[in-house]
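Novice: Found this in Swiss-Prot, in case it helps:
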- HIS564, HIS568, CYS665, HIS669: Zn(2+) binding site (BINDING)
Amino acid sequence: MSTPVFTVADIRKTFLDFFAAKGHTVVPSSSLVPGNDPTLMFTNSGMVQFKDVFLGVDKRPYVRATSVQACLRAGGKHNDLENVGYTARHHTFFEMLGNWSFGDYFKRESLKWAWELLTEVYKLPAERLLATVYEEDDEAYDIWTKEIGLPPERVIRIGDNKGGRYKSDNFWMMADTGPCGPCSEIFYDHGDHIPGGPPGSPDEDGDRFIEIWNNVFMQFNMAEDGSVTPLPAPCVDTGMGLERLAAILQHVHSNYEIDIFDALIKAASRETGEADLGHKSLRVIADHIRATAFLVSDGVNPSNEGRGYVQRRIIRRAIRHGYLLGKKTPFFHKLVADLAGLMGDAYPRLAADAQRITEVLKAEEERFFETLETGMQILDAALADGVKVLPGEVAFKLHDTYGFPLDLSADVCRERGLSVDEAGFTVAMNQQKAQARAAGKFKMDRALDYSGTGNVFTGYEHLEETSKIIAIYADGVSAAALKAGQNGVIVLDTTPFYAESGGQAGDEGELISGSARFAVSDTLKIKADVYGHHGTLAEGTLNVGDHVSARVNKEVRAATVRNHSATHLMHKALREVLGAHVQQKGSLVNAERTRFDFAHNAPMTDAQIREVEARVNAEILANSATDASEMDMEAAQKTGAMMLFGEKYGDSVRVLSIGSSKELCGGTHVGRTGDIGLFKIVAESGVASGVRRVEAVTGQNALAYLQSLESTVQSAAGTLKASPSELQNRIGQVLDQVKALEKEVAALKGKLASSQGDELMLQAVDVKGLKVLAARLEGADAKTLRETMDKLKDKLKTAVIVLAAVDGSKVQIAAGVTSDSTGKVKAGELVNFVAGQVGGKGGGKADMAMAGGTDASNLNAALDSVLGWVSAKL
């Protein structure tokens, strides 16, 4: 059967039309910013917008749905950024075709319709398709083999291959408990000329068999004990990657050869002047324009925090690849028009936002190009002279001063076969982050010349307020209005937004007035009673005097107050566990985590950390009510409340009682300790002499952290073919095996070197009564070189010897001089003479010295020069 060529637009329309004809409601793609899952950075699958339906907390007016969902994988757990441009199928942005049944049809219809669409509509050759099913799912197996007619040898049963019951590539779980069920994946066979084996085989990671469609059958509910019971209304969730399907239907092997990427790559070629359409940098640019444009359309502008920072990383990665192609001026934003022409029909919001997207990307380009060339020069200089690892402090300087995200520097190093000291980068980041953050905010806010009245803060009681704009600042200057796309600061007469203070981050949210929407990314104090709402006007126009609906982001506020209240409980627990000397030295509380610095002169033990966690979680389980009372300072002192570091107190203060903790605090907090949900310490470290730092997470973030750890343990256990409870013993066994093998290898190297040493004696040349030998030893390490050197010195008696070995591009050199000859020849001088010719240096004693080098290509010539050098010394 000849497969017809479908364009990407054809594939989308055909898919939606097919399922619409089967009674499905066509649902538009949701935003890349999930509206119902604060733990998820970006929408990464079609089912995200239906998650609440599957969980039973939402009900739609339809029971069958189909969509083409815009997805992004470039941050958090799901992150493909570093692979984009280097492989045939990795993308930041991609489209997911899907169909869903909410308690309506089930396996039979789902699989039969999938087969019908693939073979009868898209005309894929049936003999090229195979399927997998969960090993125990006889129903799906029978549908494939007995009803659809797929030969049994092309239906593969996959069991629990992930280290536990129901832990399988073919058993899907939304979480550790809740809806779950088997799945059936459809694969396309590219043919035996492509390396790789079928799913479930040792070679399954090859490119021959490519998964194109996954049908998930949610038919069970998983309890905490791991048991499953049937759901009263089973559901279907399917997903098929549009780009992968397009590559098959368009008879190409790489996603970057399909029509939409072909057009974008040609547009990138036009703007950069790069004629080689297969250049990886053009692929990177073509991929990244899709991701960045859709993110701007969905309200994510480049920034230094959260989703905005992921956006900035993607934009700057694309710009750097343009620079690599010789483009030294802004070009990336010019591709928006091409993208809108290609995808605007399918995503009308993209076409409508094209002008705004262009302006946002152009502004970011202009900002980065100001420092890009200087930064690249610094990076090039740091990587000169045979350096194999970019120092962490250099990577941080590039990040902090020149706006180079770490992965951009890593990308440059990767192209040159080098790496980045990421641990060193993190150390430098931690040392300067708080100071840089404080300095930046001080400059920003002090630049605002505000002399008006203060505002009323209502955020303890309300998260939404009708307010009046009393001042606007654009680029640090007072303005009468803000227009769409402008960054600015807005001051309100009344606000529910909490301004950063006492270590708690400022609120995020939005200000709405008619069609105007101002996205608040941070709230900072201009003066003690004047709050500046920092952000970007996404739509419309705002003027001084306008009334707005000020709406705090409820999810971010809730996560922040959980962390803040937990910080108070943790402070009390630390004093109980470590001693009364524990005093707060600083803190940072935001929606992601709490970071708490305190006086203590030794690292916390594991037992102490566990005890603090236990005490805090006990307070959470007690579900005690919190109480905040305003009183004068004298009355507050009588209550015994602790005063917090970094907080300036007035005549009237706020005493917060939460659990057994009592402190002065003006921040926002939970109503009851149980609202915190869960508390987990994730890091403990030293930040200065006598100061320790604890980082912790709460609520959903704590759950996500524990689930990630559990996943890591399960994955490691699966790799080592052990249960999680057996993992520690199994690791010990593997380490013992490694040690035994290392001893065996060392012994074999010694035998090999010894045998080579006997042969090398015959190569020694007599120079004025001194035996001179310069030779290579194959497969030797530094230890073997030294041992062989000692044996040769014993046998040759009066001698000068140089031995060298090569491991990849690295060179190890040993120079030895017998004790009766060190007055004439020094081993240290000799080893440096040889090492200097292979890009290295070394040192040692008069009779033995070692060196390393990086240029193995010149080693033979260096060894040949030894005889002349020794002769000149005699």
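Glycine is no exception: its Cβ is also placed from the backbone N, Cα and C atoms.
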Novice: Judged by the number of other CB atoms within 10 angstroms, which among HIS564, HIS568, HIS669 is the least packed of the binding-site residues?
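Specialist: Counting other Cβ atoms within 10 Å of each of the binding-site residues HIS564, HIS568, HIS669 gives the minimum at HIS669.
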Novice: Specify the count of other C-beta atoms within 10 Å of the C-beta of CYS665 (Zn(2+) binding site).
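Specialist: I get 27 for this one.
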Novice: Near the Zn(2+) site, what residues other than HIS564, HIS568, CYS665, HIS669 in the same chain have a C-beta no further than 8 Å from the centroid of the listed C-beta atoms?
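Specialist: Everything else in range on the chain: GLN504, VAL561, SER565, THR567, LEU656, ILE658, GLU663, GLY667, THR668.
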Novice: Determine, from DSSP, whether HIS564 (Zn(2+) binding site) sits in helix, strand or coil.
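Specialist: Going by the DSSP assignment, HIS564 (Zn(2+) binding site) falls within a helical segment, counted as helix.
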Novice: By the DSSP assignment reduced to helix, strand and coil, which category contains CYS665 (Zn(2+) binding site)?
Specialist: coil
